[in-house]
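Annotated in TrEMBL:
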DOMAIN    56-194  domain 'Semialdehyde dehydrogenase NAD-binding'
ACT_SITE  Cys202  active site
Amino acid sequence: MSTTTFSSTCFLKGSEVKVSNLKSNNGNWKLHIGGSTALSTKRMQISNSKQEKEIRVALLGASGYTGAEIIRLLANHPYFGITVMTADRNAGKSMDSVFPHFITQKDLPVLVSTNDADFSDVDAVFCCLPHGTTQEIIKGLPKRLKIVDLSADFRLRNVSEYEEWYGQPHRAPDLQEEAVYGLTEILREEIKNAHLVANPGCYPTSIQLPLIPLIKANLIEHKNIIVDAKSGVSGAGRGAKVGNLYTELTEGIMSYGVTRHRHVPEIEQGLSDAAHSKVTISFTPHLMPMSRGMQSTIYVEMGSGVTTENLYQQLKVSYQDEEFVRLLEKGAVPRTHDVRGSNYCYINVFPDRIPGRAIIISVIDNLVKGASGQALQNLNIMMGFPENTGLGYLPLFP
Ligand SMILES: NC(=O)C1=CN([C@@H]2O[C@H](COP(=O)(O)OP(=O)(O)OC[C@H]3O[C@@H](n4cnc5c(N)ncnc54)[C@H](OP(=O)(O)O)[C@@H]3O)[C@@H](O)[C@H]2O)C=CC1
Ligand SMILES: CC(=O)N[C@@H](CCC(=O)OP(=O)(O)O)C(=O)O
């Protein structure tokens, strides 16, 4: 990648505009005006075209929900273009035959099977495969590639804990040692130099973001943390399952993974790191009749003499400079509707009726901040771009 950059002021239709970060890559000029990017010789377009973008990205598992979400986000990304896309059952098909809403994205590559993928024209990889299939595949990728893995395969540092909770042997323990956990706002510095980022699960993102600053500041007890969480059905992926049929889901709500959901060790790992001692949680997830969105309602016991106001002020300080994690005005209830389609996490804290306890509510879109959005935030950091690049989507409401 050879790039030349300069900034200037010029006039566009008689108005003065600040032109910044004018870039040339192999003679292909890009013009940045007011935060958006256009090619100097072409009209602005929503496109995944690889010719116009300098970082070449492979998308493994492109025919799934998180893969499709990455394509949506990258269509507005000025630097990342998709050169390889893989699928399993859908290998050989075009993307718009798998997802008709991509009919306008004619420049996307045809889906190939992961075994047939050629990585010679690739700089970075988003791996959107099911857990259990990912370790072996990432192990075989060229070492020069920057990789963000959306599966759970590299999230648990302790390999035997992975084997216990996922019921299968870890196939790349050496790589596990190199993996950096990708909870962006907490581990940004480590992510900068990472070769392999293990993108967090959706529930762990929504739960750790509010709790880690409170644990680090020693404001809440490390026991009796209770998490009641709810997810939209896209969290379960696109594969056909009876439990995800409309008839099974509509007009109802279902708990699952009761007492033993595989996100428990991931959440406890992050909270225990923050506490420098073992933190345990009670966690029950629920499936909701909605396509996307996630809410975690968290019940905590505050330290002696600590008030809900202390928790609120701590979260305010911790996240005051963060673009994507927002503490709402006091009393405002975070709603999944308000983050839908965006990379935001909205949080608030409420005093419980029981003295000494507080209730924290955190909402995200499971497919964006809970998966593909955070993955893009991480790859932006790994490749040295502003971390919000391509993530400037307002929530989709209603
Ligand atoms: N959905 C969500 O909200 C979140 C998901 N994740 C994680 O991200 C990953 C992807 O999730 P999601 O997109 O929802 O899953 P999907 O089931 O929607 O998609 C899975 C993708 O992997 C491909 N695939 C399946 N099996 C194999 C295999 N054996 N070899 C190669 N490719 C295969 C599928 O191809 P094909 O369809 O052609 O068969 C498809 O492209 C998972 O690990 C998931 O746990 C993480 C956070 C949130
Ligand atoms: C609704 C639903 O089924 N959700 C998934 C979590 C999605 C996610 O974050 O999965 P990974 O940890 O595999 O990345 C589940 O509970 O297993």
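For all residues, glycine too, the Cβ spot is worked out from N, Cα and C.
Curation does not apply to TrEMBL; its annotations are automatic.
Since we're looking at a predicted model, the values are computed, not measured.
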(request) Could you give me the DSSP helix, strand and coil counts for the domain 'Semialdehyde dehydrogenase NAD-binding' (56-194)? (result) 49 helix, 26 strand, 64 coil
(message) With DSSP assignments reduced to helix, strand and coil, which class does Cys202 (active site) get?
(response) helix
(request) Within 10 Å of the Cβ of Cys202 (active site), how many other Cβ atoms can you find? Include all protein chains, please. (result) 29
(request) Looking only at the domain 'Semialdehyde dehydrogenase NAD-binding' (56-194), report the model's average pLDDT. (result) 97
